[in-house]
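Enquirer: Right, I'll just put the structure down here and ask away after.
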């Protein structure tokens, strides 16, 4: 009986200890919490608001003096870095970010990074447009949450803020402190006066118009028009008028999409030189194809075979570069794998359908 009582008591102690550990590990922060952090500035008068509900990010801030702003970013401790970027356009590229993490030895580190591009070698540590107050940055882990604190020398911080969280167990380390690709991110706007924040994609309607028009025109309709020209010639002259109509529609929509892209580039001030260069190259090829259609020689002409070679080759090059630029545009727009997968499914279907038609055409020959 005594042994049994001791066993039960020991079990209850273990259960109680496990329960306490579970509660502590699931503690969350809120704007009603009493924030007691060992940071080098006063935290009693901070404004507080949830800024990213999906990952439970909470931001506290206050204008400490005429040219000093204090920030405390709170997020769950998932053994990953957390970041807060300040952007003039709402895009990650071109922004400066404060990034913090807890190393394997338990020490915390906060660094500024300049996000010069999407390649790792363009994300530069200890660089950026933020003037960070010296010795006024820290990160601590408490009750399974990270608290990253820093101060900026500025009369007015940028209102377009970007939050991100890194891959689990992928922490920057010396000597280079290279920053790995984040696992999630969100772009928001913050009204420092009212304390209101909202997720926002800058010029979202223009971005969607640019992407949808170019994907539909250069990336889909042009391919369908080319397939009609190659596989439907037995239905003459219906194939010709169908081919001309589809390609003309794709060309008009494509020009509209490129105009949207040029306007978007001007408004975002984004560095998309490669995407823009490919788009202009595709537009030039499209214009050459249109001009070639008006200069098409008669079937009896000796120049017809050279014209056919030029028209077919130009069309194939246009289609290949168009598909590549659509995928690259989705990547630049940070739309994630869903958009790439959706467009990829369409392309795979068109390729498989073309393969079937190609086999039938060779059998007929």
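Positions of Cβ are set from backbone N, Cα and C atoms, glycine also.
Feature list, courtesy of TrEMBL:
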- 1-25: signal peptide (SIGNAL)
- 55-166: domain 'DOMON' (DOMAIN)
- 173-365: domain 'Cytochrome b561' (DOMAIN)
- 211-232: transmembrane segment (TRANSMEM)
- 244-264: transmembrane segment (TRANSMEM)
- 276-295: transmembrane segment (TRANSMEM)
- 307-330: transmembrane segment (TRANSMEM)
- 342-359: transmembrane segment (TRANSMEM)
Enquirer: Are there three or more C-beta pairs under 8 angstroms joining the transmembrane segment (244-264) and the transmembrane segment (342-359), sequence spacing 6 or more?
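Expert: No, the transmembrane segment (342-359) and the transmembrane segment (244-264) are not in contact.
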Enquirer: Near the transmembrane segment (244-264), which same-chain residues lie under 8 Å Cβ to Cβ, leaving out any that are not at least 6 residues past its ends?
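Expert: Result: 203, 206-207, 209-214, 216-218, 221-222, 224-225, 228, 270, 275-276, 279-280, 282-283, 286, 289-290, 293.
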Enquirer: If you average the pLDDT over the domain 'Cytochrome b561' (173-365), what number do you get?
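Expert: Overall, the domain 'Cytochrome b561' (173-365) comes to a mean pLDDT of 89.
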Enquirer: Mind tallying the domain 'DOMON' (55-166) by DSSP state, helix then strand then coil?
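Expert: Helix, strand, coil within the domain 'DOMON' (55-166): 4 helix, 69 strand, 39 coil.
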